[in-house]
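Working notes, structure below.
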């Protein structure tokens, strides 16, 4: 039977519905699907399908093509086939080996499987034609066609000639079929597309697929072009590098490559054995990578940075000649010269100076030894950092400083592991690299301000650095090799010991730096600060000089500190104002006490002076503050009440407890002090410490609180011209306290001639320089009743009870 089939260029073949047979032979397809309008060859090898081709394989014959759900199945029934397929026309049949055929056919109509009529000798099925409905406008078709062409342009698997074929297709459904058939969609996705009856829905589905695929192809093309460009550049660089190397050899040019120069430097170095092994291994890797394309890339760069660190890092002496040179240097140490330099740069600070000189003496006597690790603790501005610099000058060593304030990452101490991008060595190794010496004076500044975070605890990382028994094998994560720190002289600075972990504190020798005396501050100003300011501002001695009285006035009225930092700022301010006056008026201006108000304004601080007004209930104590010592007036009064104790003056918990202990002791020993015990039940006591805006705390005010309350209840004023400090217990024992030097300095500045101290602080007072103790008498007590006999002696005499006084 001859079927009437019309071909419309490259569009879907149109067939007269009346010519579509109701029952057709059927070939099941394993992994393929045929769309209307598509021409393709299929291989027929199954015996049933072979018989079908042999009987109905003439050109122009129509057969049904349906895809198997399971491509592995040999026996196929109706339920094993997808319900939608294509009616195809056979164009040509070619016999193949082993009894099979290659059949060229073209899809002509989408059909649906109604039922399998028979499977003997091959499958025959009843079919129904499935027609597509709707269409899209011309503008939409052109847009869709443009999407298809762009997809083909970016797909390297599709030849460019296909574009001309696509442009000849004028039917939207046919174009969609072509795209989906040749795409990489799965069989299930193609069946889903074939099942759709709406042309608009088909176009929408294909356009979505084209957009995604085109974006992927564009990205792949960009990556492919970049890779090709990089590969081309790498090959070109490699070729040019080899050419340059050959030319140099021909010309006899002896210029070294970077790798050769680095190798020469490393070969000339004297390194410990374990370092030499690691260096040789990394150097081989670096040379191999450096000779490759692009010089080895990032990996070679990381190895080069590590090898540069090895070259620039100083390494301890590892042979007898170096050890002999070090011993010779130690023998030439001049202790007298070292003492002179230390005394020249700093006033006072005898304890730390003596400790440094002791270390030098031991080295001179016994040869190089493990250096001590000193922690300088004191208020700001007393010269902790500059002292370490002076030690370096006295020892003729390099000086390095690592600021630890705010450090919260362990890697800043130990470094990052080399596997990380941008890895760097830690502060310790970096500082040794910077100094170029294996025995620098190394300052770890502000060690009390270390932090901790999820990135680790830097204080824990410092345990190995500051342990003389372990730091000979310190291992930085970046360096990855044991490095000897034991030859360095470590100094640490801190303002307080409270925030330093106990294990870290245990590894250091603590050296306390107290505040400077007035004489020391004047000497520092005359010998250091004023000459330095003259040099910085290019002033002569005639243009800028201050006498001792004027300097003392600046210290008294315009600074309140243990060190000299504020004093330096005040002197600089004076110098700047002098320069301005000279430039404006072109005349000299002398500095005197009278001119300080004009230059610095009114006095900023008013220091408490000793008082004696004969009022019972007032006692003078000594206190320690972060900026030095101070005197403290403790005032007490009583009024009608029920025996309560009220405290004011912004006192801390420890000081409040000291006041309670003093009050309890006083009530318990009222009879010994000839006090009326009823008063403790009838009166309330109010204790106040002036300066309410300033927080106050600590146990050292105990004796002063008890003295003030004893004076109040006995009605006897405290003996004049004395100040006291000490902690008390309920048994009346006087316990030792800290900050004795600062407190004595405060008493001296306030004009107080006698200080009462705990017996166990006798050694602390005697360690104070004689210049400070001059004109200050110290009395020592271990029992509170003894101290009260000194401060309120009249309280122990038989006298009228105090409730006869006015106001009680």
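From the backbone N, Cα and C atoms, a Cβ is placed for every residue, glycine too.
Note that the structure is a prediction, hence the values are computed from the model and not measured.
The active site annotation in TrEMBL covers 700, 743. Taken from TrEMBL, the feature ATP binding site applies to 378, 379, 380, 381, 382, 383, 384, 385. Per TrEMBL, domain 'Lon N-terminal' is recorded for 24-214. The domain 'Lon proteolytic' annotation in TrEMBL covers 613-798.
Mapped onto this structure are the features recorded in TrEMBL.
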residue: 378; record: ATP binding site; Cβ within 10 Å: 24
residue: 379; record: ATP binding site; Cβ within 10 Å: 21
residue: 380; record: ATP binding site; Cβ within 10 Å: 14
residue: 381; record: ATP binding site; Cβ within 10 Å: 19
residue: 382; record: ATP binding site; Cβ within 10 Å: 28
residue: 383; record: ATP binding site; Cβ within 10 Å: 24
residue: 384; record: ATP binding site; Cβ within 10 Å: 26
residue: 385; record: ATP binding site; Cβ within 10 Å: 17
residue: 700; record: active site; Cβ within 10 Å: 28
residue: 743; record: active site; Cβ within 10 Å: 30
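Same-chain neighbours of the ATP site beyond 378, 379, 380, 381, 382, 383, 384, 385, judged by a C-beta within 8 angstroms of the site's C-beta center, are, in sequence order, 376, 493, 495, 513, 562, 563, 565. For the pair residue 382 (ATP binding site) and residue 700 (active site), the C-alpha distance works out to 24 angstrom. Across the structure, residue 378 (ATP binding site) and residue 743 (active site) place their CA atoms 14 angstrom apart. The two recorded residues, residue 380 (ATP binding site) and residue 743 (active site), show a Cα separation of 17 Å. Rounded to a whole number, the C-alpha distance linking residue 384 (ATP binding site) with residue 743 (active site) is 20 angstrom. Cα spacing between residue 385 (ATP binding site) and residue 700 (active site): 30 Å, rounded to the nearest whole number. In this structure, the CA atom of residue 379 (ATP binding site) is 14 Å away from the CA atom of residue 743 (active site).
Mean per-residue pLDDT, taken over the domain 'Lon N-terminal' (24-214), amounts to 87. Comparing CA positions across the recorded positions 381, 383, 743, the one lying closest to residue 700 (active site) turns out to be 743.
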